[in-house]
């Protein structure tokens, strides 16, 4: 799945199964839905023996198979025949519903008198008092049904039999059901949008991780792979799509699809809509189609995705050395979608911002996002779909891998962007801050620790995606990319259409390493276990006077207690790449807590930097003399240090200072050279770290001198881009220069660089005077909108809101959604918060992000905190629980917390809502730990930081000390 956050593709063919009588049955089912809906939401308080049609509640200690969250290993699905009919207009009760029936063909692996199959929020037609019909295949007789009921807590349809199913025999289970086509972004759901003043409804899906059971009864675990035969009944004028190709063109009453490949339930997808599409040339080996709202297609917003999908697919075919497994790749942009994208095999679903691009309105950042998300999703077609991890505890392997290679695919599609380096900024630096908390978690969990849907949802975090990508990038670096690719090929060939555990990948990579004659200090598995089975990462300290090297578990708050034991004692096998005075040296493996390498001693004038291009997932500290020499080199000839390492030096120093390993003044000193730096990566890294100072001090007296210092550093950059772009009238040619131009303008306006605010305000005023002709450069719009709205009042805000509501391009709407949070008027921010819980004003998929945007405003932060506390039950029930953006809401709203009062508020809020935390539970722990660290840091550094900034802007520079 895409972050956000991704993908899939498949060929499909269809079997036609719906007869007139079946359609009549489905119509009859829908009539009783309103009455049945309430039953499915009841949760009785007792767990009595259930007769036909009753529901029970699971006790805290599971005793029966249906009280456990994992399926027993007694049954194995072979195929499903599913027919669904979504209603795109509400019924007489005002509900949108779907109805359907399903036949699952399964094998009995072990003799059993119990059938457990997942079902959630479905209401069933009863057959002689039972929820299903069972028959044996090939003329054998099936046992009689004894009891059936819905076990709501564990989301099962439970069927007890009068006699056992026989091992080795095959059976069919038939069900008829009705469900709500809700707007909850999960399972089979509805999305709404306006086009030419007409409200339109489409039906779509999001099954990952555990919502296929909301669409039809199924064995809803990744290892329960099967073939799916789908049929969709849909209105005239709409098109039906699924994983595989449809049979015989599009029938306006029903569309049947060919059997899918053998695959997991979470990869199933189907859509009913009236979208338009563009496609690849006829006769191509793989049919590629881009689907979206008709107006978006007419405006050419799908052209870039179509242009890049083919090359990225070709790249992965060469990278994996395996042809694309399907005949078609449909990609569809949905107005309402919870994640960034989803890798459904053959029908990849996206947010509009992740697939659509309009060069007249979209920025280069929008374009990069489209390229990387498409690449991420297409990477899954092999790694994740063709071969699937057995259970969700290894989600990191699936998503971390797709995140890593998405940069390789995007780099192939856009070779001038330098995407292979941008992974450092986009993934690695950010996740290191999370993984440096004592409340972090290992990449790989024990299977027994990930059972409930909320446990699974909690794994969709930055550790899984970004740290997963970082450690795989590190592994690929020390065994070489070619060997890594060879190992992937044998892994995929051995396990195609099957399920694996992470050790299966290590074994294949080890074989590739051995075949290539690469010497490692230990096996791939032994080395990597230390990176995936324990949380965190080390800080490596190098003393260039003695050559002594040591490692220690890096914690952002050194006083935090790590209460999770590690069999490796929080030590790692660390591949150290390094340069001495610019010359590359042989890689060194740190295999113990301490070691000595005489080559790492330096003479007068020499300087040493380790972890070249940040290929390793660790931080580096040095003796004070080497730090001084590095700072001297930065201030005199910073180009002698690789650009990624200039960014690394800043990031390491600031984080080491927060961990009290070096002084805060040393960290600040790494930014002194920025007045001569023009590259994006060092500037962006400095921006992120100085943003922390802004968060901690923008409500204190430190803010003034800090703004003065940053103004001095950014003014030359502002002048540089003013000249480079002919007074802001041209777009820089270099991809990263386009990004750094935004840094120059953003910092310039926020710190008062002469002429900056006047510039942005004038641009915005010109647009207000002529709303149909927005001349502001797409790359600069987010910054310009924010600056102008911050300087303005209700008139500017209301204009931007009107433009947001009328925007037909999702990326433009997203820029305005953020900029509206920049106002300094509390009443406007409070009104904006209220809009967040009204789906007619702000889509559900955008609500938590908008609240976070408001919390990012120092005026909005206390308002947002009060708002989520006052509305927690509503937010949790309608927007959260299992939502993958829910944890981000807690992190975003509390990131400014740095006082005892705020810590106690957060702790009290957690205790008051202990049973309504869902997938955000770990985010509360991280927020508490982060708040405590912020409190300690501010108390220790406030006076020191004030003095340092004050002396810097006055011209006296105190010498830094570590």
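For all residues, glycine too, the Cβ spot is worked out from N, Cα and C.
In TrEMBL this protein carries:
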- 40-66: region 'Disordered' (REGION)
- 43-61: compositional bias 'Low complexity' (COMPBIAS)
- 77-267: domain 'Aminopeptidase N-like N-terminal' (DOMAIN)
- 304-531: domain 'Peptidase M1 membrane alanine aminopeptidase' (DOMAIN)
- 376, 380, 399: Zn(2+) binding site (BINDING)
- 377: active site, proton acceptor (ACT_SITE)
- 465: site 'Transition state stabilizer' (SITE)
- 607-932: domain 'ERAP1-like C-terminal' (DOMAIN)
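Note: the Cα of residue 399 (Zn(2+) binding site) and the Cα of residue 465 (site 'Transition state stabilizer') are spaced 5 Å from each other.
Residue 465 (site 'Transition state stabilizer') sits 11 Å from residue 376 (Zn(2+) binding site), taking the C-alpha atoms as the reference points. Neighbours of residue 380 (Zn(2+) binding site), defined as other CB atoms within 10 A of its CB across all chains, total 31.
In this structure, 376 is the one among the recorded positions 376, 377 with the smallest number of other Cβ atoms inside 10 Å of its Cβ. Summarising the environment of residue 399 (Zn(2+) binding site), the number of other Cβ atoms within 10 Å of its Cβ, over all protein chains shown, is 29. All protein chains considered, the CB of residue 465 (site 'Transition state stabilizer') has 28 other CB atoms within 10 Å.
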